[in-house]
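Structure first, commentary second.
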Amino acid sequence: MDPIDPDLEPWKHPGSQPRTVCNNCYCKACCYHCIYCFTKKGLGISYGRKKRTTRRRTAPAGSKNNQDSIPKQPLSQSRGNKEGSEKSTKEVASKTEADQ
């Protein structure tokens, strides 16, 4: 081991920093470039502030929004026979009276 100058801060010791500058490349060599690159690129850990995603509140006047109005559809009609349902209720009522 080479003797280290005690007056130097630990982060300024020779060999403590890589010879090349960190870059934005995510290749394997650049991910293992230094401890900072490894945590940021290799592990994906970032301790900075999270950026807020900006939302557009109002659409421009000329643009068409995605929520088009639904065309009006006629109300669905009941498929059963209304007269038949009235007769069946009368038959049930007459049967219950006869049973009593």
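Keep in mind that glycine also has a Cβ here, set from the backbone N, Cα and C atoms.
In the record from Swiss-Prot, residues His33, Cys34, Cys37 bind Zn(2+) 1; the candidate from Cys22, Cys25 listed for the same site is Cys22. Same-chain neighbours of the Zn(2+) 1 site beyond Cys22, His33, Cys34, Cys37, judged by a C-beta within 8 angstroms of the site's C-beta center, are, in sequence order, Pro18, Asn23, Cys30, Tyr32, Ile35, Tyr36, Phe38, Lys41. The predicted model assigns the region 'Interaction with the host capping enzyme RNGTT' (49-87) a mean pLDDT of 66.
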